[in-house]
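The signal peptide annotation in TrEMBL covers 1-27. Feature annotation from TrEMBL assigns domain 'Plant heme peroxidase family profile' to 28-329. What TrEMBL records for 69 is active site, proton acceptor. Here TrEMBL flags 165 as substrate binding site.
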């Protein structure tokens, strides 16, 4: 075997080992994982969500974003929930996560599950279930959530910066970051649809309104009349760090196809939203979803959420089952 043949064989072997280990971890997730060890676990989560989310529907957007931010850094292992206690700051203190909220909600759900079954149900599964159930509680799609995740032991602020797709990302950056997690272009477009609910801080996109190329100009990929309206009524200065804007004006608490209609009108708030129409393949997908039915979109979104929920999961004896979601067990 020649030198290059040897290296090709070695790389192929390493890839197969990695694929095997990922497949093995995912295989240990299963529907009803707690059916014997904590049979009421999923109902406890669902009941709490159904009791509280209808009165604060904006939390649904928060939890699906929290779930996304968790899975993209070290896998879906609840590392985003850990507090900084000493030394290096955790993901929770990283700039992309400073606007996350609802940690106390997750803690309350975890405490209820712990009271029923101490040391059995992971924070990673609690977060994954809360994300799904809160979307359902506001009339959005449902998806399968196999359980059996375990909680991670490491959380680093720097890794959140390096792994979370930024709101200013172009299509190449977004595709690469999603591909690194085993997600494709279709998943990227489908999962971005979660922007149909919730709010965005002006600071995430004011450069598009005031100084896109450093010359005091507006991003040409943003509808000019929409940009003018945002500057006049919402984000009145480039330094605005407090004002929040509806990502899908008029229906921010309704999970629908409005986001895709806005993209085609050049009214997505983030550069990463506009990026979806800058590539012929992603634009075709945007058009397909926008012209399709909500039912079809929900079904496809569910499949992508199921894929995302399996990213880098820890199962078996890896990690731990935290007693408190913000702290590693002592």
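Numbers run from 1 along the shown chain.
In case you wondered, yes, glycine gets a Cβ from its N, Cα and C as well.
The two recorded residues, the residue listed as 'substrate binding site' and the residue listed as 'active site, proton acceptor', show a Cα separation of 9 Å. There are 23 other Cβ atoms within 10 Å of the Cβ belonging to the residue listed as 'substrate binding site'. Counting every protein chain shown, the number of other Cβ atoms lying within 10 Å of the Cβ of residue 69 (active site, proton acceptor) is 21.
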